[in-house]
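Student: Dropping the structure in here first, questions after.
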């Protein structure tokens, strides 16, 4: 069977959207000598992973239709070596594959929504449903690893399903395309590509800073798309007004539509993210483990994803059961780093602010129920989140000896076991303290 014959069969058998987005990129390479393994190649790792997880049975079915065989399907990443001449030809004659390929797992369904990202999510869904109608441009900003790219690509995936033409690039790719087109005197191709789409998605727009010639080109691209009521969505790590080296006319245009921020997730959202990511990756975690990860890690979703990969790899490669001690061992160094960065005065300030008392009250001789409770929480969190010894804590809080510290830690542990409200207060404060290091 040739690639052409295979594509003819699978186009008839597959959903048309799946065929256009993923399956038509398959290149049939060979079948093993015993006819048991059929090997295909594709030039994008996300597409390869998606096809492996979703379409191997369908591909097998195509072989059954063709000759009655049912080989095992292997999907490999293409590593063909091409001459510089061939690469240049592809770049000038074809649409950039990188600019249109989206990670198929980045959808609205797989995005965990919480108070920290609700507005950005709602706005993204609105523009994906009706591109160019409202919130144009949509400017999503926030810290690294909080889900901006996920939302951006979810807009693209959703818009494609509705029949729109979508271009997705990082601003670096846009700049590289622009430079390449000038060098090869092919600006017509460049402008047709970026100005004729229904939806333009630009990641990390802040890196346009200081690039005067590219800013000029992007200004005209923006105007043409906006005037034609085509949707523009951008992400950045800061507001347009805060991007140094960006011309004022672009700053003002970036704020024509809606700016929506993605904030650090709260504890509940972080727990939901861990639950969702572990479910999608087939990792079974107990509530105890999920809470441990949520309260001890920084807030980057990428870091959470990395930890889940490590847990899964350790469990499968070492044939280990996923238990709390196992996860604690894996995260030991990351938690150690957290402890080195958290300072005792910061804990006092955050607890006092949360419980509406003065920081000085916690270090005072006051024994009211509110102050005593706040002091107990501080002592517990200092032991949990720092390397301070009990004598150090007693000295800092002006207490006579460390036996009172030990008593408060014991009491806090008892309350965590019995009182759900106290436990939630502790978890929320722990999360706030870790967040404060950002």
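Just so you know, glycine gets a Cβ as well, placed from its N, Cα and C.
A quick note: this is a predicted structure, and the numbers were derived from the prediction, not measured.
The ATP binding site feature in Swiss-Prot is assigned to 145, 147, 148, 149. Among the features that Swiss-Prot reports, region 'Domain I, interacts with DnaA modulators' is placed at 1-71. Sequence annotations record features per position, and here Swiss-Prot assigns region 'Domain II' to 71-100. The feature region 'Domain III, AAA+ region' is assigned by Swiss-Prot to 101-315, with sequence analysis given as support. According to Swiss-Prot, the region 'Domain IV, binds dsDNA' annotation covers 316-438.
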Student: Cβ within 8 Å of the ATP site's Cβ centroid: which residues qualify beyond 145, 147, 148, 149?
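Tutor: Counting only non-site residues, the set is 142, 144, 146, 150, 151, 235, 262, 301, 302.
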Student: Need the DSSP three-state call for residue 149 (ATP binding site) to compare against my parser.
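Tutor: DSSP call for residue 149 (ATP binding site): helix.
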Student: When the pLDDT values for the region 'Domain III, AAA+ region' (101-315) are averaged, what is the result?
Tutor: 90
Student: Of 145, 147, the binding-site residues given in the record, which has the fewest other CB atoms within 10 A of its CB?
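Tutor: Looking at the binding-site residues 145, 147, the Cβ with the fewest others within 10 Å is that of 145.
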